[in-house]
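Participant: Let me begin by handing over the structure; questions about it come next.
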Amino acid sequence: IDDGSSSWDDYGISRCPRISTVQQAALHKYSSSFSLVIESRHARQAAEEDHGAPSACPPQDRGRAAWTSLAAVSATLMITWGFVSAFGVFRSYYFTYAPFAGSQIVTEIGVMSLGFLQILAPLLLRYLSGRMHQRKQMMMTGMVLVVGGSIGAAFSRTPIQVLMSQGLIYSVGSGLVFAPSISFMDEWFLERRGLANGLFFGSNNIAAAAFSPIFSTLLRKFGPRPVLMGWAVFAAVTISCAVFSLQERHRHEAVVDEHPRSHTLFRRPLFWVLGTSIFLQGLANFLPAAYLPSYASDLGVSAGKGAILLTILNIAGMLGLALSGLLIDAVGVRVPLLLSTLASAFAVFVIWGLARAYWVLTIFGIVFGPFSFSFIVLRSHFAVAVVGNADYTNEVTMVSGALLALRGVATVVSGFVGDAVVSAGIAGRVRCGYGLGEWRILIITVGSFMVAASIGVLGLFMCHVVAQGKRSRVESNTNLVAIVDTPSPVK
């Protein structure tokens with residue numbers, strides 16, 4: 001049995017008269033790759049002897065430990081991303097009542113928080129590579145900052161103070177909780193990762209839909225200080241319980257790295273094609289939720305009904321995330337990518353653009369929410385496509401974090417894009433026709449971004465073509481080796 005210590009020359013291949021010099025060179029070229037595979041297998045076997053056999057690990061994609069961990073990280077996402085997504089209620093209250101009344105600074109807290117939360121992810125995931133044993137400590141540190149940001153906002157007296165506390169400190173703490181959650185997700189789920197991601201990110205939509213009316217009622221009744229103090233206690237208890245419920249599938253130790261990484265991944269064309277797709281979709285994804293209540297107001301709809309539109313949008317998005325995860329696990333990412341971008345574009349161009357009644361806006365929320373919000377589930381699968389092997393978890397996590405950071409930048413930029421196009425629409429002084437006139441430019445911009453975001457499917461298709469070509473070359477080389485191994489007929 002070959003243990004990897006023999007070379008091709010040991011088999012007499014280089015001296016074999018039955019193959020040409022070109023064939024010998026090809027065999028020597030691929031011998032190094034075969035040796036690396038054997039060495040990698042031996043290294044993995046040695047690691048298993050040190051840390052226990054794979055059978056000793058809890059199973060992926062099933063079992064109480066996997067689903068408990070999924071529930072735990074989903075609970076933390078509701079406290080971090082979900083709270084930030086519900087900031088619109090605080091923004092409305094801050095902008096209306098003293099001491100922040102009329103301040104434009106407080107209106108940017110939500111966008112800044114979402115952006116920071118996502119931009120921090122790759123930096124933190126890069127730090128965690130080889131330091132997986134520190135994930136729970138990082139989450140507890142984030143919990144302290146989340147609580148501190150909430151208490152700081154409760155006692156803030158100026159717009160800058162609330163921006164630094166509820167905006168910056170809370171978002172940094174949320175990032176410290178969020179990044180390890182992604183790592184736990186990738187550790188526990190592989191074949192059903194699409195479904196797991198759908199449920200994970202869907203918890204954000206549940207939180208946004210539930211927290212918005214609750215916070216609105218509590219703010220009107222008690223004011224921001226008691227609400228934020230109570231939220232600090234609730235966040236501390238929830239995150240602490242979730243962290244203690246998390247289980248590590250492997251025993252992680254402090255090492256330099258578990259697998260050598262290569263930053264050449266970020267120079268691959270596929271990374272930039274998929275990154276462009278994520279960036280363009282991120283520019284469009286958050287704008288309808290930001291301006292839909294104002295559009296409804298121009299139709300004569302009350303503020304309460306306008307808020308209900310956001311609840312419908314988030315609930316529909318939550319359902320879409322779960323269903324999209326199942327679809328990805330079943331058919332791959334290309335079909336869900338096209339459905340997400342093109343169906344969202346249709347909803348924007350046709351339903352929103354022609355909406356003249358409240359019920360039409362309701363249909364828009366039901367259609368746009370599931371397709372647009374489900375796009376984020378594709379991120380981890382994009383990362384696997386860029387790396388080329390789901391077993392290289394460090395590289396997959398690193399690329400996944402980088403793609404999430406691009407989405408975070410897009411989130412921040414989308415706020416400025418929205419302000420610019422809405423201001424241009426208002427300056428046009430058109431109050432009728434498509435998009436009620438003043439919203440026409442915004443609708444066309446959002447729809448165009450969604451159509452352009454479908455460019456990712458071209459990158460995935462080219463990746464598939466290249467993979468097929470490599471597979472054909474490997475098969476031909478396998479046939480060549482078989483010819484070499486065939487004994488010559490005895491004359």
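Placement of Cβ uses the backbone N, Cα and C atoms for every residue, glycine included.
Pasting the relevant annotations from TrEMBL:
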- 270-491: domain 'Major facilitator superfamily (MFS) profile' (DOMAIN)
- 70-93: transmembrane segment (TRANSMEM)
- 105-125: transmembrane segment (TRANSMEM)
- 137-155: transmembrane segment (TRANSMEM)
- 167-185: transmembrane segment (TRANSMEM)
- 197-216: transmembrane segment (TRANSMEM)
- 228-246: transmembrane segment (TRANSMEM)
- 270-287: transmembrane segment (TRANSMEM)
- 307-328: transmembrane segment (TRANSMEM)
- 335-352: transmembrane segment (TRANSMEM)
- 358-378: transmembrane segment (TRANSMEM)
- 399-427: transmembrane segment (TRANSMEM)
- 439-463: transmembrane segment (TRANSMEM)
Participant: For the transmembrane segment (358-378), which stretch among 137-155, 270-287, 399-427 has the most Cβ pairs under 8 A?
Facilitator: 270-287
Participant: Looking at 105-125, 137-155, 167-185, 197-216, which one has the highest count of Cβ pairs under 8 angstroms to the transmembrane segment (70-93)?
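Facilitator: Per the Cβ under 8 Å count, 197-216.
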Participant: Honestly, do the transmembrane segment (197-216) and the transmembrane segment (307-328) touch, with at least three Cβ pairs under 8 Å and pairs 6 or more apart in sequence?
Facilitator: yes
